Amino acid sequence: MRLGTTAFAIASATALGLGLTACGAGDPAANSDTTRIGVTVYDMSSFITAGKEGMDAYAKDNNIELIWNSANLDVSTQASQVDSMINQGVDAIIVVPVQADSLAPQVASAKAKGIPLVPVNAALDSKDIAGNVQPDDVAAGAQEMQMMADRLGGKGNIVILQGPLGQSGELDRSKGIEQVLAKYPDIKVLAKDTANWKRDEAVNKMKNWISGFGPQIDGVVAQNDDMGLGALQALKESGRTGVPIVGIDGIEDGLNAVKSGDFIGTSLQNGTVELAAGLAVANRLAKGEPVNKEPVYIMPAITKDNVDVAIEHVVTERQQFLDGLTELINKNLETGDIAYEGIPGQKQP
């Protein structure tokens, strides 16, 4: 997703509480109806940047003040950020965690003080969370691996670019990939390693694999689009074209890669929709309103057949999509399908 000046400022921040407030949210001291919600994310990836736009739009429409933090992939930084938000007395906390097995003391502290803490997009290993808004990453991993298996005709050599090791997205997407690989004994994994969701790290990782395996690499399975795009860059710089690549997330550059044929497909995890849904759940919990506390985001497969509509939502008609986001999110919470946005292949709830 496009990274503007604000996004770069967020990504570079390592201090606690960046204090970015949603436009129009208002001053909580002047308006007692304002809900103050703290947010800490693992990093400002393309996916999270798109998600921030969605959360800001939902916050503006619902009188929510957002206090944004980026942990820059550091567990201790994220723990300090959550501690700070608890001390500030926010009404709810949203966490996109660096690691699944982190933040146990902070989760317990938030619960003890009556502050709903909701992991969104990446899970926390805790029974004390107030809600849980997660994608089905196992299904997404299986979906992308099945795309690759179909393209390879059930045999060939692949490399796998993983997310940060130990993060729930990496663990579950790996599980889904392995489930499909078990059905195809003639597909061999030459190498797999993390590139931490980052495009630049994937470029370097892929160049090393190209040096080591050369033409043996028949396909690249990337656990997100950014890493797939890094692999694509490395392949092109090495003079290799036509190597099938599949990703997950459906960020702008990933969707364009599907349209151009550089990717065989992706799975749309529209951060704008998913993180806004997480905010809606946290907001209702903070207000004591009824809500499904554990909705699941099911990613639709994106191929050349339906990529144009996804591009409209993520890129070319984005403002129109953002303008209708609150209505979409609220309707999706009622139907239970928080991923629905009218992509061809999605079933109307």
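The backbone N, Cα and C atoms fix where each Cβ goes, glycine too.
Features of the protein shown, as given by Swiss-Prot:
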SIGNAL    1-22  signal peptide
LIPID     Cys23  N-palmitoyl cysteine
LIPID     Cys23  S-diacylglycerol cysteine
BINDING   Tyr42, Asn121, Arg173, Asn224, Asp249, Gln269  D-threitol binding site
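Features recorded in Swiss-Prot, as mapped to the structure shown.
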| residue | record | contacts (Cβ under 8 Å, 6+ apart) |
| --- | --- | --- |
| Tyr42 | D-threitol binding site | Ile48, Ser70, Ala71, Leu73, Gln78, Val96, Pro97, Val98, Ala122, Pro164, Gln167 |
| Asn121 | D-threitol binding site | Phe47, Gly51, Val96, Val133, Gln134, Pro135, Gly169, Gly271, Glu274, Leu275, Gly278 |
| Arg173 | D-threitol binding site | Asp137, Val138, Ala140, Gly141, Glu144, Gln162, Gly163, Gln223, Ile248 |
| Asn224 | D-threitol binding site | Ser45, Phe47, Gly163, Gly169, Trp197, Gly247, Ile248, Asp249 |
| Gln269 | D-threitol binding site | Phe47, Pro135, Ala140, Ile248, Asp249, Gly250, Tyr297, Met299 |
DSSP state at Gln269 (D-threitol binding site), helix/strand/coil: coil
Arg173 (D-threitol binding site): secondary structure state under DSSP, collapsed to three categories: helix
Max pairwise CA distance, angstrom, over record-listed D-threitol binders Tyr42, Asn121, Arg173, Asn224, Asp249, Gln269: 17
Environment of Tyr42, Asn121, Arg173, Asn224, Asp249, Gln269, the listed D-threitol site - residues of the same chain whose CB lies within 8 A of the CB centroid: Ser45, Phe47, Ala122, Pro135, Asp137, Gly163, Gly169, Trp197, Gln223, Ile248
